[in-house]
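What follows is one structure encoded as structure tokens, with my remarks underneath.
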Amino acid sequence: MTLYDKLVENSLFFVNSLRKMSDELADLSKTSEKNRKEIKEASARNEKNVHEAEAQVEKAKAKYDSICDEYDRTMAVKNGASDPKKPLLSFRSRNEAQLLKMEEDTRTRAQSSDAEYKEKIQLANM
């Protein structure tokens, strides 16, 4: 084998090695880009889920607060207290049995709403 033949052979080997390396790097680049896009989509999806969970928690808290206020007003009317700032038209002509039923209903709704609120908090923290 002549010197030129060895140079050509080494050059071809070097070219093939570079081509193989180039192909491997191109595959790595494609895989990395695919993984980056998947991570970006998962991040956007998770962020959306967090915002939805936070909105559900706020909604459940508002519902709970509203029911607690209603329960407090029911208890105030039952105990004979009146607040001039809060009109209690729905409570004016109630007898004791009706007030007890309203108290029990609002207490039950408040407990249910509290359980729902706690559930939403747990879901939001997952």
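Cβ coordinates are placed from backbone N, Cα and C, and glycine is handled just like the others.
Heads up, TrEMBL stuff is auto-annotated, nobody curated it.
Look at TrEMBL and you will find 1-126 tagged as domain 'F-BAR'. Taking H, G and I as helix, E and B as strand and the rest as coil, DSSP gives the domain 'F-BAR' (1-126) the counts 108 helix, 0 strand, 18 coil.
Here the region 'Disordered' (26-54) has Cβ contacts under 8 Å with residues 120, 123-124 of the same chain, all six or more residues outside its ends. What TrEMBL records for 26-54 (among others) is region 'Disordered'.
Marked as compositional bias 'Basic and acidic residues' by TrEMBL: 30-54 (among others).
Listed as Cβ neighbours of the region 'Disordered' (101-126) (distance under 8 Å, sequence separation of 6 or more from its ends, same chain) are residues 50, 53-54, 56-57, 60-61, 63-64, 67-68, 70-71, 74-75, 78, 91, 94. What TrEMBL lists as region 'Disordered' is 101-126 (among others).
The compositional bias 'Basic and acidic residues' annotation in TrEMBL covers 115-126 (among others).
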> If you average pLDDT over the domain 'F-BAR' (1-126), what do you get?
Replying inline: 87
